[in-house]
Amino acid sequence: MRAVVLALTLALVGKYTPDFAASKTYVYKYEALLLGGLPEEGLARAGVKVISKVIISAVAENTYLLKLVNPEIFEYSGVWPKDPFVPAAKLTSALAAQFSIPIKFEYAKGVVGKVFAPTAVSETVLNVHRGILNILQLNIKKTQNVYELQEAGAQGVCKTHYVIREDAKAERIHLTKSKDLNNCQQRIMKDFGLAYTEKCVECRQALMGAATYNYLMKPADNGALILEATVTELHQFTPFNEMSGAAQMEAKQMLTFVEIKKDPIIVPDNNYVHRGSIRYEFATEILQMPIQLLKISNARAQAVKILNHLVTYNTAPVHEDAPLKFLKFIQLLRMASSETINAIWAEFKAKPAYRHWILDAVPSIGSSVAVRFIKEKFLAGDITIFEAAQALVAAVHMVAADLETVKLVESLAFNHKIQTHPVLRELTMLGYGTMVSKYCVEHPNCPAELVKPIHELAVRAVANSKFEELSMVLKALGNAGHPASIKPITKLLPVFGTAAAALPLRVQADAVLALRNIAKREPRMVQEVAVQLFMDKALHPELRMLACIVLFETKPPMGLVITLASILKTEKNMQVASFTYSHMMSLTRSTAPDFASVAAACNVAVKMLSNKFRRLSCHFSQAIHLDAYSNPLRIGAAASAFYINDAATLFPRTVVAKARTYFAGAAADVLEVGVRTEGIQEALLKLPPAPENADRITKMRRVIKALSDWRSLATSKPLASIYVKFFGQEIAFANIDKSIIDQALQLANSPSAHALGRNALKALLAGATFQYVKPLLAAEVRRIFPTAVGLPMELSYYTAAVAKAYVNVRATLTPALPETFHAAQLLKTNIELHAEVRPSIVMHTFAVMGVNTAFIQAAIMARAKVRTIVPAKFAAQLDIANGNFKFEAFPVSPPEHIAAAHIETFAVARNVEDVQAERITPLIPAQGVARSTQQSRDKFTSMIADSAASFAGSLSRSSEILYSDLPSNFKPIIKAIVVHLEETICVERLGVKACFEFTSESAAFIRNTLFYNMIGKHSVLISVKPSASEPAIERLEFEVQVGPKAAEKIIKVITMNEEEEAPEGKTVLLKLKKILLPDLKNGTRASSSSSSSSSSSSRSSNIYGVDKQGTDLLQTYIDVKNSRLSSLSLCAIGRERRDELRFKMCFSSQDKFLGNKLAPMVIILFRLVRADHKIEGYQVTAYLNKATSRLQIIMAALDENDNWKLCADGVLLSKHKVTAKIAWGAECKDYNTFITAETGLVGPSPAVRLRLSWDKLPKVPKAVCVSEFIPGYIPYYLADLVPMQKDKNSEKQIQFTVVATSERTLDVILKTPKMTLYKLGVNLPCSLPFESMTDLSPFDDNIVNKIHYLFSEVNAVKCSMVRDTLTTFNNRKYKINMPLSCYQVLAQDCTIELKFMVLLKKDHGSEQNHINVKISDIDVDLYPEDNDVIVKVNGMDISKDNLPYEDPSGSIKIKQKGEGVSLYAPSHGLQKVYFDKYSWKIKVVDWMKGQTCGLCGKADGEHRQEYRTPSGRLTKSSVSFAHSWVLPSDSCRDASECLMKLESVKLEKQVIVDDRESKCYSVEPVLRCLPGCLPVRTTPITIGFHCLPVDSNLNRSEGLSSIYEKSVDLMEKAEAHVACRCSEQCM
């Protein structure tokens, strides 16, 4: 019967929860352990242990007391498990009073409720109690034995799994629950410094945690009694993949039942207050840095002491502990009150040496105290604008965001004094947005009221047309990234609001970019906006491309990406199409985990679009995305670049570059830079705009009035802007326009600037010393969360640095300048500058994992120290008048190491009551390393026996070094044994000994992974000291002398052994005669070569087809082209072969050394001045013979006993060929090479060839031989890109040939001794200026101007017409039927500036073309007469004898060009106008692209939108387009002789539209004869018509004037007149 009752009891076990009877006191033994380190035994760990008795007693219904009796605290820092825990007796004693106070807690049905404790109990001690209460937290269901739920606990509300098992025989209940600490609804956690990072959901997280609770319970009368409870919690952290190893923090708790007493717990008289619940509450650990523990007794006195130390010990090089002291100073300021900080400031603000340390430390306080301090001091005038700006930028990014701080920054941003300073205003406004963003990261449901002040400011800026302010406001909204800003932002965009019509494009662009940070929080909402912007084809292309950037940053799904692809299929704007396609294309290669779905979607989209867009020119806008991600390391990086153009100009409209990193399961946009060059190119290259009343403006406007509804293009003032973002937050931006540049120039030329310059010069002459110290807390990243024990665990990363620069400089001027002088006088003065600099930097970096409280710290830590000191002393002398520059470097007293880096990992434990007794243990104990190394050596020795005994003593060396000496089967063993690396490399040269030392002791003997290789001790030391084996160096000199005084600086006289070289010279002459003399004697050779080449050309033309012969055909092509180039190069020279023969004679004995007859033009000396007066160094002399176009450079060692020389001798044979000989070695005889560069023709195609040959070269190891290395290196996937074939070419020659098969394609061939590489049909981004290149030659006085002209030619666009076919700027061809005697606008500046206009008409009598160019103040007429081209300037004939013609300003030139005439005016936007009897050609400069209009088009690269009429309407008919640009007449009696006009015509037939009989009128103007004139010639034209009901009244004067703006109802043919004849009575 008893068994049945027990079974029934166990069956209903679910209703038995832990319960404590009211009349009993329960005694438990409690032990808690928190230990961190690596999982392997034998390594160091750090931890804390608490041992105590726990007494629980009921005081009221569901209310209990919990008291710790005789608690003991132990700390651990030692080798686990060998070393024992050490009692922290002083800490235990200090906390005994708090532990002796019992706490109250509510407890019902296994759930802990409210917790009560006196205020005397600190939060840290109370959290230890919560750790015990957490064990009692049990949610036992009545009807289930296996279940899961989200359970509240000390660490938050996390997913918990229960398993209950009954043991009927033993009358015990076994309960197990496990918690997934990475799956919590509410996780108690504090993050610092992570507000700018994004959680990579697709990445594996770096921190993983779980806990298991095992209970043994005994059924009792009213519930169950917990007999034993064991808790095991494990946290694992690794920045890399878990397979490479991880550090862990293990928490253990054991609660064991001892007995039941009847004595109740005595309740003290303390006043109990509600202190929360079982949830962990953060205490002072938030203010406590984990890298050091401070016991603060007097914060002000301690802070002043540290401040004095920082100032005193950093006057010379930075003290090695300066970063740590600076961190200590910051921590003291964090603990201090505002009054204390103000008192410290008041004491030291007048002392500059102390002042900057305080101002640099205050932002790092990281709370509202810092912002309030900066605000108060600036408003009080205690700090300057520069100091305030520097402190604000640091504070905004380092201060934790709470409501108080956000409100403080808001009040600062809108303060009147701040508003008066533009720089501070921008910084605070951007900072306000950043603070809102940081607050919203911590509180996802942050209120919209936070950004309401910015919204109101935006409304006022729009109402007052303050566009610069509006741009700043949009950037602030972009920083905030609040979803409530979507609506205010979209109101400023064309698709969504009417206000956008009045806004400049750059403001609209800022509005689009402001959506990017919002997209991180609300991607779907931003996607809707971005898609609508992208789909609106009426928008400016730049806005659509920016919308594309925003859209892809929202990580769109597959369906949306495919939608974009379908839109692109019908896209007419090539900029948008190119940008979007390239963006998709680059994303297909993405390996980043968060873009994996986007990459897959883009792969599908690209396959849909590749046939249409894969060959787009690089002139169009492009998006580039490159990334790399390593799954094993969980590290990645990505870079994006966006090149946004709107007219295919050289300078893009916008360039954005962004860098993104992935690390430890998080991602961050580290840096982004954006630059807008809108109008900057035009501002630099064009002439100043003419005044509105200028005569040419009046003339051109009178002309264009004749155009039908002409509209000028919008012009934007020249502007450049730049912005910089760090971690997704814009920290600075600048707009540069003409007014700013003018102000800067005005300021530079002001008397105050001149006075400042004179004062600076006087200070340099008197000698000046500068010192600058900059401390910086570069990084503070922390994550704090509770453990089951109740103590907090912290992961943190700190980097602090202190940099100092000491500069002592003194200048001397000879002769001395007068009191008042002009800057130009410095050019005639010998300037000497003596300077001494001692820069030094010390940086400390800490990575910590462990327990961090105000009472005790126990953690494993990695610490890196980097220190650099690089002193230098030098002098410089500049004598411009005499062409001399001299630089001298003097020896200085070097430090022991100029650079040192030490990394170590260790376990540390310390408590605040006994800080001096901190215990530090290296993670890899020294004895452990020695023991493991010895064991490995013994094992190794036994395996390899006597043959390897010699290696046993060198096991401390690198394993890679040993590998080369051991058999292959022993290599894996060595890899596991060797853990200690030492390497020292020293180089002694030029009296200096430089050493590099590297030592490393790692845990790689446990596991050879990156993580374990980082554990241990590592150091790198770099030292530079005077050489002990060589004489001391007094100074190092570098001197350059140019001009006639160069010969005076020669130290070593160069002599050449002429006699020995004579045979070689004769050999060269014989070779030259063998090549040239047969040609000179037989004049038919050139023609035969030409004919053979012609036949070869016909054979090689098949190379572009499908060749089945493959390599043979290629070889034929290459051989033919190379031989063709050789023959035609010589043919091209023709008459200049005597010059080639003369050059070869230059190498003969009499002219080998130019120094025998000429003085050097330049001499360069590099020498060491030694204590023993021995000369060491090098001398370089350069000689130039203009008569023979020969340049010779001799480099020689200055040592009298060293005959090493390098001789470079080059000569220009002709405009088509240059050759050089480079020889070196003893007297330049050991080795030599010949380099020849030549131009010529391959068939009709221009070509360039560079040939390198040699007689003897130094031996190169086969491993690095280029000819052997390249064939094996080219991977298989590049085989089609760079075809290759192995050939037996010349053994001592490399030949590189480039053939320009067209202006935009090249054939490239590289021949080496063992192979041939080739690439045919390489596309170029711009056209080659073949015609202009022929005028260039070296030693031309105008070479700079010609190169500048070539540069503009390359980027200019061309429009031309041959017969009746016109090719537009965008390279679109159409046939044109020109009306007789009527001018048409070929090309003009379509902005309101009207810089130029080119008109074309066909003469009525001869039907030949006439061109009129209106530019500047002149009219130029060009027309054919007989076989000549007549030039008239302002009606006056300019004969051929007076050409070239140049206008008075020098900006317009007219000259004879072949059979025609060319006009040049690049500064006016017109690169060239060429005209001859049969053709014409127009080129406009690069910065005019997109700003032209006329028959030649807009020059914006958009060939799909070519046919735009003067009104801006896009037509499909080329005839209608051409006729729309006719300049019609009002009367047949006009002087223009044009007998036609443009008008809307009525469709001759009636049509049915919308079931109604309608009459239709053309919406495009049609060319018709004037009244009183009859058409002589007509042409059909297909145009659009707009239809109206037949019974509607259309007022012709009003209705037809607006008909051009109507929609098109149907397309029909009409008749256009192109030639008319008028009666004498015409109107």
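Backbone N, Cα and C atoms are what each Cβ position is placed from, and that goes for glycine too.
The shown structure was predicted, so the numbers you read here are calculated from the model rather than taken from an experiment.
Checking CYS158, CYS440, CYS446 against TrEMBL, the residue bonded to CYS184 by a disulphide is CYS158. A disulfide bond in TrEMBL ties CYS203 to one cysteine from CYS200, CYS440, and that cysteine is CYS200. Listed disulfide-bonded residues: CYS158, CYS184; maximum Cβ neighbour count within 10 Å falls on CYS158. The number of other CB atoms found within 10 A of the CB of CYS203 (disulfide bond), across every protein chain shown, is 20. When averaged over the domain 'VWFD' (1357-1533), pLDDT in the model lands at 84. Sequence-distant contacts of CYS200 (disulfide bond), defined as residues of its own chain at least six apart whose C-beta falls under 8 angstroms from its C-beta, comprise PRO593, ASP594, TYR662, GLY665, ALA666, ALA667.
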